[in-house]
């Protein structure tokens, strides 16, 4: 049967039109409704989502596990430590680190048994008496002046080796640890023979000389104050304390006006002044920022200069380096360079930067952020020597509850750091991701979003803070277009896909759990530990893992000492029911070595010139 052209289409249209007319709906009504829909969608995508009015949270439920379950999980972490350390003992001791695939060793940190010394306090906390006793043979026998050690890296040796000795002494009061720490601190002292007093990169422990470029990275020139201050305290030696206070004096005298009061990444070791304008809380910078707060806390909250530097650095980060991703509204911290045209962010998020939420939580927990007058500070006056636009940023921060703001930032950032793990097929976090912000996509500063959220009546959780489910993707790359669409939905692409057994994320989860008591941080830590067990374990230890964003990860022949010193320690403390290391009595150095809070005596204040 043949029908005239257009018969079926005309008939269907006529029937639909007749049906709508009977309901009182005209074509004009349909057109108006369609136009209104377009307007609402446009407002949503170009106003509400861009300006921060709507930041929905997912509904998350966490099982109320019993104390016995968490205790058992802490035992599983202890078993993981034993597996790793016994592999090191069998195949690598007294060398520095185990190669967990080839079952060989490597001396990449002086050949002074760094894994054993770095792990002393972890073993003590876990009650591993036999392993601790065997590790102490390295403490007794190491010759810090072996001729082979012509270039001892100052920074890594201080945080791992010196920090490990000092922490073990603090926990045990074993005098051999203090003696050996004093010897090591002294033999590293030639590094400080520079015009500014900032240390050079390395030390020749035989000749007593130092070496390295005249331009130093921030982390390497400013991550020793805690170690040398505590070493001075327990030995009574002024020269050790002087080395710590020199760093503080240099930073107080530095011209940071163009940097918003925040330390940039590279410094001239001779002049003691900044060399560039790269601002970051990640690689080459992280621990120097960390030590501003921690030096203040360790010395019984008397070091006002370091407190001021902490507040200035965190204020600049909150105002300028924290963003909300455009699709999932992930809160992240990035790095930037300052140009005449302003601040240019890279939108990279480094795993190393994931210590920062823990630092913010620690500050919110220990500092009177809403009443700084009680410690003799006026918050907005900290910006008096900065540029006018930076002063306005301080006024904006001061308009919020500062303690609440810092804790929100900590929770949102820690969640994003965790999601970089949970988003991957392996459950392990890549070393660097790049957020898809800027350009054709929205670039939303967190504080702008916070202002909009407050103006709109504080509907829902603060931007970037509400709970979020992991991204669900099939992980299969089909073509370039589909990959780009997946990245856009996820809000980032993976820039460096290796997991290096790093501790920063679990460090922040641990601190947030101790500060807030919220069990979700424990559950997230447990998920990470399970992924480590599943993907990184080898017959003799644990290995770095490459290609974590695929279903075909690849183990690498590396087991860094900080995996035992930091990652497993923080996981163990996270799952312990009792609080072994109270945050108001102990302060962790950047290698997770806890130092006790102490106060200078009046005689020490006079002798050392400290407050």
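Cβ atoms are placed via backbone N, Cα and C, with glycine included.
TrEMBL: automatically predicted annotations, no manual curation.
The Cβ of residue 590 (Ca(2+) binding site) lies under 8 Å from the Cβ of 159, 163, 223, 286, 287, 290, 291, 355, each on the same chain and at least six residues away in sequence. If you look up TrEMBL, you'll see 590 marked as Ca(2+) binding site.
In sequence order, 413, 414, 417, 429, 504, 505, 507, 508 are the residues near residue 354 (disulfide bond), counting only same-chain partners six or more apart with C-beta under 8 A. According to TrEMBL, the disulfide bond annotation covers 354-417.
Annotation source TrEMBL lists transmembrane segment at 30-48.
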Including all protein chains displayed, how many Cβ atoms other than that of residue 417 (disulfide bond) lie within 10 Å of its Cβ?
30
